[in-house]
Amino acid sequence: MKQVILYSVLLLVGLFLSQLLPTVIEGYAAWQPYLMVVTMSALAYIMINVGREFEIDKNNLKQYGWDYVVAMTTATFPWIAVVAYFIFVLMPSDLWFNADAWTETLVIGRFAAPTSAGVLFAMLAAAGLGATWMFKKARVLAIFDDLDTVLLMIPLTILVVGWRPALGLTLLLMLALLVIGYKYLHKWNVPSSAGAIVGYSVLIAGLCEMFYISTDIHFEVLLPAFVLGCMMKSQHESKEDRKVSVMVASAFMVLVGLSLPQIIGAAEVVNTESITTSMPAMGMGEIIFHVIMISIVSNLGKMFPLFCYRKEATVKERLALSIGMWPRGEVGAGVLMISIGYGFGGPIVTISMLSLALNLVLTGFFIMAVRSLILTKDQGVSYAKERA
């Protein structure tokens, strides 16, 4: 549990710095693109290692179709619930059937959909749950969950800015990566030391950033990094490699916290055409109430796996799987930054950012709850002794 506590503290450190640094460092915003590349490099490292351990039963592909349905539903329920809250609770009734209001809230509300695969996998491994059914299933669902979010951002982007050829190219690249990963599963005999994986990670993050600069369309590192890991032949991880993995995961926790957009002292978004930006300001007490409500609604929406896999797992395991899908992070923060880039703002974006921040703060508690559901007291003590 020491490592889980460490990661939780590092998340909080990053979260604190995300609000402090813009106020004390002049021109901090100019460094944020570079910071994002470093963050994506760390995420790519984690996802490559996840892919290296990923196994697929090619004789039973139907189960992965069902897994995708579960993941898609687990991402969709919190999204729709949050959007409905934005529309029917936060907006006046004369905007309930306004197309622009729905478009803006559909984009902003997508922050609640994706589980942070990087945070989840690092935390679960640190908690000693790497060999459990819950971890193996969460690995599949979280990847599909994030993939679904990335795919759905394509039609949402079309709603806001219209069709662009680069969006079609993005979709084709994603499909090509999935086909290549399936065809060459664990067949590539390439260097797999920690140093080599760091190199691959930086290269993937750099290429994705170049794609964004060229097309103004985000191509997340999650899929190419995971596919590369899937194609690599399984090789033994040395003690030194594990140390590097812990260091990268630790750095990633700080970077995820840093990725949260500035809330305190942020410049006002000036866009009179935006419905969310034109909404009246709210008092702090009202904002806090809505932050708590949005957090509850979005996490309840993630509980769908509890009602699935009844033949595979116990109620406790399914409950642990559902809670394990609660952590949000870099993908959700990316959605909010895209929303701000479109000129959306006002109290809805502020509430969304604070809800994401609250979720980051509670991540360690979520993982502890998962661990207590999965491991018995004796198993927990035994694991702690092994790690000591």
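Any Cβ shown, glycine's included, is placed from N, Cα and C.
Caution: TrEMBL annotation is automatic and unverified by curators.
Remember, it's a predicted structure, so these values are computed and weren't measured experimentally.
Taken from TrEMBL, the feature transmembrane segment covers 30-48 (among others). Long-range contacts of the transmembrane segment (30-48) within the same chain: residues 117-118, 121-122, 197-198, 200-202, 204-206, 208-209, 220-222, 224-226, 228-229, 232, 245, 248-249, 251-252, 255-256, 258-259, 330, each at least 6 residues beyond the stretch ends and with a Cβ under 8 Å from a Cβ of the stretch.
Long-range contacts of the transmembrane segment (68-91) within the same chain, counting only residues at least 6 positions beyond its ends with a Cβ under 8 Å from a Cβ of the stretch, are 101-102, 105-106, 108-115, 140-145, 147-149, 275, 279, 290, 293-294, 297-302, 304-305, 308-309, 325, 347-348, 351. The transmembrane segment annotation in TrEMBL covers 68-91 (among others).
According to TrEMBL, the transmembrane segment annotation covers 111-133 (among others). Beyond the transmembrane segment (111-133), the same-chain residues lying 6 or more positions past its ends with a Cβ under 8 Å from any Cβ of the stretch are 1, 3-4, 6-7, 11, 42-43, 46-47, 50, 74-76, 78-79, 81-82, 139, 141-143, 145-146, 148-149, 152, 222, 249, 252-253, 256, 294, 298, 301-302, 312-313, 317, 324-333, 335-336, 339, 352, 355-356, 363-364, 367-368, 370-371, 374-375, 380, 383, 387.
Residues or ranges marked as transmembrane segment in TrEMBL: 166-185 (among others). Beyond its flanks by at least six residues, the transmembrane segment (166-185) meets 51, 56, 58, 147, 150-151, 154, 157-158, 215-217, 219, 223-224, 226-227, 230-231 of its own chain at Cβ-Cβ distances under 8 Å.
The feature transmembrane segment is assigned by TrEMBL to 192-212 (among others).
If you look up TrEMBL, you'll see 246-267 (among others) marked as transmembrane segment.
Within the chain carrying the transmembrane segment (287-307), a Cβ under 8 angstroms from the stretch's Cβ atoms is held by residues 70, 73-74, 77-82, 85, 89-90, 112, 115, 137, 141, 315, 318-319, 321-322, 325-326, 347, 350-352, 354-355, 358-359, all 6 or more beyond its ends. Annotation comment: TrEMBL describes 287-307 (among others) as transmembrane segment.
Among residues of the same chain six or more beyond the transmembrane segment (319-342), those with a C-beta under 8 A of the stretch's C-beta atoms are 39-40, 43, 74, 104, 107-108, 110-120, 123-124, 134, 137-138, 141-142, 145-146, 149-150, 153, 160-161, 218, 220, 222, 255-256, 259-261, 269, 274, 299, 302-306, 309, 313, 349, 352-353, 356, 359-360, 362-363, 366-367, 369-370, 373-374. Per TrEMBL, transmembrane segment is recorded for 319-342 (among others).
The transmembrane segment annotation in TrEMBL covers 348-370 (among others).
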